[in-house]
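Asks: Below: one structure in structure tokens.
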Amino acid sequence: MAEAPGAPHRTTGSTLLHPLSALLGIPLDQINFVACQLFALLAAFWFRIYLSPSHASSAVRHAFATLFGIYFAVFCFGWYSIHLFVLVMMSYGIMNMASIPNIHRYSFVVAMGYLTLCHISRIYIFHYGILTTDFSGPLMIITQKITTLACQLHDGIGRQAEELTAEQNRLAVKSRPSLLEYLSYLLNFMSIIAGPCSNYKDYIAFIEGRHVHMKLLEVNWKQKGYDRLPDPSPTGAVMYKLCITLVSLILFLTLTKNFPMAYIIDNKFLDKTPFLSRLGYLYVVTQAAKPKYYFAWTLADAVNNAAGYGFSGVDERGTFRWDLLSNLNIWNIETATSFKMYIENWNIQTAAWLKRVCYDRAPWYPTALTFILSALWHGIYPGYYFTFLTGILITLAARAIRNNCRHYFLSSVPLKIAYDIVTWAVTQLAVCYTVAPFVMLAVEPTIKFYKSVYFHMHILSILVLLLLPSRPQTHSVRRAQNQDMLNSSKSKDK
């Protein structure tokens, strides 16, 4: 989408870095975003070294994390950041006044309602020409955290242990947090700008210095020849993620702007380009759109790790893992051989949130309701709903094909390789087909795009569902087995 004259200098936040924006020709809102995240990275290292639990009390760590987070929000979004603070305080009031049986319901309605009103206001403020980084991004993360905590508080106080799943029991919160703890969890500088959402108990354990220790106790270190618990350092993980961030930034600056999604509905392109070539170009432009997400999410993960947050334990090779808060697995995304595998590795923390607040709690139609919640959470642009409704259809069709056909290709290695190659190509094209409206936003370009490719994925998916036998499962049975659709509602932020 073409930017209006002067767009490189548009921002709702500070104009301090305006000269740098003008020099580089990069929109000021993006400059502010990157500057805050880089400063947060430095602050995170300082926080881990000089405000470690052995040097500072939990209250001091909470206060520092909160004040820096508020500053970053105001720097990036100016007076629009007041929306973040209003929602946080409204939700804190609900958390303290609402009855436990209803606390998760009231919190959900208020947080999602306020977020939806802000999404509506963005249409009138920015008229589809939305800033790349505006206040709705942090508001979406805060909404996730508010509803996550409310549900986990309901589990911890309002439900019996035998009513909970193993995960719900592990994450259940047994008492209401103080105001400082609540503000720190929602507004800390490590996640205020780009997330991700994390669980309240994990965050409090990190602030109190129990986060890494708890994970290390899950391993028998004496059998491994250790006399004492090791002290894992996140430095290696941070450096690795910063390398990915740098490569993603380079790809964004060189590829993304040269392969715009809008070109696939250009009349000259449609008139001169054969169908298969259009599909090929669709794959290219979708690939070109990914680096900005790889950049933002990997940098956010590195910021949390630099502060000492995100340790997930030890793998089978004895390597320390710092992926508790990772939002994507790039290798699995690019080599995915199923729609399910692709979306399980994209925006991982949002998928976990959708699972915990909706899929696991929905009394009926959990897959459809989770897709709808994902669409509402993203906003009210029509393109989002085209994406998620198409996603439901393709997810169900992909499941039917896998259940009915996959076992025929497992008898020999050549057949399995052929199956993987075909399913990789189909998966990548299906994802591209599904997420194109997410980028286009409006109805007219979306319909034009789908007409140009003859609605082929919709038609094929419907035929698959009509022709292949289904294997219906109750929600409880599905949850108890392999939860095949846990992450099928993964938000496709493209």
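Every residue gets a Cβ built from N, Cα and C, even glycine.
Sharing the features that TrEMBL gives for it:
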TRANSMEM  31-51  transmembrane segment
TRANSMEM  63-94  transmembrane segment
TRANSMEM  106-125  transmembrane segment
TRANSMEM  237-255  transmembrane segment
TRANSMEM  362-378  transmembrane segment
TRANSMEM  384-401  transmembrane segment
TRANSMEM  421-443  transmembrane segment
TRANSMEM  449-468  transmembrane segment
Asks: State the non-local partners of the transmembrane segment (449-468) in its own chain: residues 6+ outside its ends, Cβ under 8 Å from one of its Cβ atoms.
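Replies: Apart from its flanks, the transmembrane segment (449-468) reaches 264-265, 270, 275, 278-279, 282, 390, 393-394, 396-397, 400-401, 404, 429-430, 433-434, 436-437, 440.
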Asks: Ranking 31-51, 63-94, 362-378, 421-443 by the number of C-beta pairs under 8 Å to the transmembrane segment (106-125), which range is first?
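Replies: Maximum Cβ contact count belongs to 63-94.
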Asks: By a Cβ-Cβ criterion of under 8 Å, what residues six or more beyond either terminus of the transmembrane segment (31-51) are in contact with it?
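Replies: Same-chain contacts beyond the ends: 11, 13-14, 17, 20-21, 24, 60-61, 64-65, 68, 72, 75-76, 132-133, 189-190, 193-194, 234, 296, 299-300, 302-308.
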Asks: Using Cβ atoms and a strict cutoff of less than 8 Å, what residues sit near the transmembrane segment (63-94) while being 6 or more residues removed from its termini?
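Replies: Sequence-remote neighbours of the transmembrane segment (63-94) are 11-14, 16, 29, 32-33, 36, 39-40, 43, 47, 51, 56, 103, 106-107, 110-111, 114-115, 118, 133-135, 138-139, 142-143, 146, 150, 179-180, 182-184, 186-193, 207.
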